Amino acid sequence: MRAHHQRNSSLVTDLAATIAAIPSAIRMVLEPKTGSQCDYGSFEDTRPLQDPIANGTEPAGATETNAVPEVDDLSQEPLIPQEWALKFPPSPRRLSPQHVKIDIPTPAIRDKSAFPPEKLKTLYAFLLMSCSMVATTVTLAMVHERVPDRNEVGPLPDVVLDHVKENQFGWGLYSSEILIMCSTTATFLVVFFHKHRFIVGRRVFLILCLLYLMRCVTMSVTVLPMANKTYYCSPKANSTSFLLIAGRALHLLSGFGLSINGQHVYCGDYLYSGHTVILVLCYLVIQEYTPRRCRLLHWLAWSAAVAGMVFILISRAHYTVDVVVAYYVTTRLFWIYHTLANNLELKQSGPNNFLGRVWWFPAFRYFEANVGAVVPKQFEWPFPRRIFAKHPNREC
C-alpha cells in the first residue's frame with residue numbers, strides 16, 4: 001500500500017515538472033501564411049539539442065530529418081517593414097505654418113439642452129409684436145389726416161400703375177388678401193407642429209415686431225398721395241384727439257388690417273406694403289423650417305407670395321416702390337437675423353462683428369442667448385399622447 005502511494009506521488013511530481021518546463025522550452029514565432037490551412041504562427045521547441053550518438057541513446061532508424069529545424073528569418077522581422085515607416089511617417093499633432101485651419105460647421109445638435117423652449121421669452125416676443133401692431137394702427141390713424149386730397153393731388157408716376165386703369169382689376173386686392181389668409185394658415189401650422197415651436201414662434205414674433213416698427217417710421221415721415229382715386233377712405237376729422245385716434249386704432253385692429261372685411265377705411269399706409277411683408281415672411285418661414293423634400297409646399301408658398309404682390313400692384317392698392325421696399329426689408333431682416341442665430345460666434349458683439357451693430361442686436365441676444373445650434377427641421381405631435389390613449393377601464 002505504501003509503495004502504491006509513493007508511485008502516485010512520483011507521477012504527480014514528474015507531471016508538474018514537465019508542465020513547468022513548457023513555457024521556457026516552447027515559444028511562438030511568426031511564419032508566412034502559405035496556404036488556407038496555415039496559421040499565422042507556430043510553436044518552436046527551444047530546448048537544447050542533445051547528441052544522441054554522444055549519449056549513446058540514438059534510437060534505431062533515426063535519421064537527420066528528426067532534428068528540429070532552425071528558426072526562419074521571417075520570425076525575426078518586424079510586422080511593419082521599415083521602408084513603410086519611412087515612406088508614411090505619422091502626421092504631426094501641431095500644424096506647421098504652411099497649413100491652413102478651416103472650421104467646418106458641425107451637424108445640428110440633437111441635445112434638448114441646445115434648444116430650450118423658454119416659453120416666457122416667447123410670450124415676451126408676442127407682446128412686443130402686439131405692441132408694434134398697435135403702434136402701426138395708431139400711426140395710420142394719425143397719418144390719415146395728412147393724406148393729400150385726391151381731388152387736388154393725383155397719383156405719382158409709377159412704372160406699373162401708369163399701365164393699369166383704375167377699377168380694371170378691382171378684385172386684385174381681395175385676391176391678395178385671400179392668399180394672405182392661406183399663407184398665414186400654412187405658416188401657423190408649420191410653426192405649431194414644429195418640434196421647437198417656441199423658438200420658431202419667438203423668432204417670427206420678433207421679426208414681425210421689427211418690421212412693423214420700421215413701417216411706423218416710413219409711413220409717418222413721408223405720406224404719399226392716393227394711388228387709386230376710387231378707393232374708399234373715411235372722411236377726415238380735421239382735428240385729432242386721444243379718443244379719436246384710439247377709436248380708429250381699435251376699428252383697424254378689429255379687421256386685422258384687411259380690406260376684405262370692410263374695416264380698413266383709413267388711408268396713407270403706403271410705404272411700405274404690409275401685405276407684401278406678410279406674404280414674403282410666410283414664404284421665408286415655410287422654406288426655412290420645413291425639410292427640403294417639401295418642395296411642393298415651398299413652391300406653393302412662393303407662388304402665393306409672387307401672385308399676391310402682382311395682385312396688389314394691378315389693383316393699384318400700393319405703389320411699386322412700396323412692394324419693392326417691403327420685399328427688400330423683409331428678406332434682409334430675415335436673412336440677417338438667421339445668420340446671427342445660426343452662428344454662435346456672431347452672437348457676441350466685437351470690433352469685427354459688424355452685424356452686431358444693428359439697433360435691435362441687444363433684443364436678439366436676449367431671445368437667442370440659450371439656443372446652442374441650428375434649429376433642426378423636425379416636427380412632432382404637440383398634444384400629449386396620453387390624452388388620446390385608451391383608459392384601462394374604458395371599453396371603447
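Placement of Cβ uses the backbone N, Cα and C atoms for every residue, glycine included.
Residues or ranges marked as transmembrane segment in TrEMBL: 122-143, 171-193, 205-227, 239-258, 270-290, 296-314. Taken from TrEMBL, the feature domain 'Sphingomyelin synthase-like' covers 267-339.
Taking H, G and I as helix, E and B as strand and the rest as coil, DSSP gives the domain 'Sphingomyelin synthase-like' (267-339) the counts 56 helix, 0 strand, 17 coil. Per-residue pLDDT, averaged over the domain 'Sphingomyelin synthase-like' (267-339), rounds to 94. When Cβ distances are compared across the two stretches, the transmembrane segment (296-314) makes contact with the transmembrane segment (171-193), since 3 or more pairs at least 6 residues apart fall below 8 angstroms. With Cβ pairs under 8 Å as the measure, the transmembrane segment (239-258) is packed most heavily against 122-143, out of 122-143, 171-193, 205-227, 270-290. Highest Cβ contact count with the transmembrane segment (205-227) among the listed stretches 122-143, 171-193, 270-290 falls to 122-143 (criterion: pairs under 8 Å).
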